[in-house]
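Engineer: One structure follows; several queries about it will come next.
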């Protein structure tokens with residue numbers, strides 16, 4: 001039911017509209033010309049480029065609508081003859097280590113599948129529409145090398161619409177910045193193993209021992225210092241957690257993952273994820289220097305598919321087709337960690353700053369079905385013979401679907 005004040009406002013507005021229509025003929029041609037010119041320049045200065053804004057709106061208006069009640073991450077993979085929008089030769093920025101076809105992978109069936117949610121459709125990635133949505137924005141992928149893998153997929157997809165400028169690379173090629181000048185869009189990566197401050201223990205020869213100390217009371221400043229300049233942050237980190245790690249909160253030692261030491265609290269990997277992600281998401285939510293409308297997308301753990309061993313004991317991932325839904329292990333460590341990550345995100349959204357937006361990119365279950373999507377031995381390995389990559393994803397490949405999800409998420413948050 002409308003309030004009396006709103007009804008009065010609508011009545012007054014209608015009277016004003018009728019008066020304008022009845023008396024418009026009395027206005028001089030000069031006034032009409034001035035009015036049109038004023039309207040044009042108002043639009044120009046307020047919207048900077050009204051023509052581009054209208055073009056962006058037209059592009060987005062033709063995009064399929066997504067049922068907000070549909071769970072995009074529950075479904076299965078179906079054959080798709082179209083394949084990816086790009087090829088291993090059409091995208092110049094694919095690293096050799098992810099360019100599986102270039103490295104000699106003989107099968108190509110893994111390229112011709114798409115994700116189909118149960119009960120709805122996930123629209124195919126549209127680079128023109130995506131760039132329209134993120135015009136003038138800065139997007140940062142924060143995490144380990146799988147986060148970089150994700151960014152590289154998006155970079156290839158967007159390059160089909162506009163060639164980006166490579167404007168920054170650090171000495172170790174871990175942090176990169178790309179710029180799309182026609183859309184004033186910045187795409188970057190910020191490398192971090194654990195998201196929080198970490199230190200590797202060293203022996204008497206100053207050689208790394210593989211033992212890490214994490215302080216969940218301190219965020220890794222390498223990425224967090226750049227957060228105030230970010231509009232959309234895709235946050236993830238996972239694969240460095242599967243090793244001996246001592247977890248601290250300041251001077252207090254909370255326990256250890258994979259240590260089995262006497263008088264030391266044993267922490268499971270999923271509990272370690274809970275402690276880290278709870279601290280990280282809280283810091284993001286409470287970041288006073290960050291933009292009020294900052295969007296944070298938490299990407300859940302991406303599963304590895306080693307068989308007949310691990311990465312350092314000859315494990316492989318040589319399958320050439322997806323798994324069916326019945327092959328998913330709902331009790332796997334990855335699914336437990338996924339649950340822990342999502343619980344921390346839900347906790348923040350329930351009590352968080354309503355201006356800041358949070359969303360989940362839930363790839364764990366989706367990618368458990370794609371043991372065929374990894375480089376395996378086709379990653380240009382010259383120095384580590386016998387080691388197979390069953391963690392990262394071929395480009396092009398199943399990881400491209402993550403950007404179908406990302407586009408849907410950003411559109412829903414608009």
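Each residue's number is its place along the chain shown, starting with 1.
Keep in mind that glycine also has a Cβ here, set from the backbone N, Cα and C atoms.
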Engineer: When you get a sec, could you say which of 6-26, 27-47 is annotated transmembrane segment by Swiss-Prot?
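Structural biologist: In Swiss-Prot, the transmembrane segment feature sits at 27-47.
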Engineer: If you check Swiss-Prot, which stretch out of 381-384, 385-388, 389-392 is marked motif 'DXXH motif'?
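Structural biologist: Residues 389-392 are the ones Swiss-Prot records as motif 'DXXH motif'.
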Engineer: Which of the recorded positions listed here (70, 91, 145, 308) have a Cα atom within 10 Å of the Cα of residue 392 (active site, proton acceptor)?
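Structural biologist: Taking 70, 91, 145, 308 one by one, the ones whose Cα falls within 10 Å of residue 392 (active site, proton acceptor) are 145.
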Engineer: Closest of the recorded positions to residue 120 (disulfide bond), Cα to Cα, picking from 145, 263, 394?
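Structural biologist: When the Cα distances are compared, 394 comes out closest.
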Engineer: State the Cα to Cα distance, in Å, between residue 156 (disulfide bond) and residue 88 (N-linked glycosylation site), rounded to an integer.
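Structural biologist: Approximately 9 Å lies between the Cα of residue 156 (disulfide bond) and that of residue 88 (N-linked glycosylation site).
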Engineer: Considering only the disulfide-bonded residues 91, 317, 390, 394, which residue has the minimal Cα-Cα separation from residue 70 (disulfide bond)?
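Structural biologist: Comparing Cα positions, the candidate nearest residue 70 (disulfide bond) turns out to be 394.
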Engineer: Checking the contact step here: among the recorded positions 88, 145, 205, 308, 389, which have a Cα within 10 Å of the Cα of residue 100 (disulfide bond)?
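Structural biologist: Candidates kept after distance check: 88.
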Engineer: When DSSP states are folded down to helix, strand and coil, where does residue 389 (active site, proton donor) land?
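Structural biologist: Assignment for residue 389 (active site, proton donor) reads strand.
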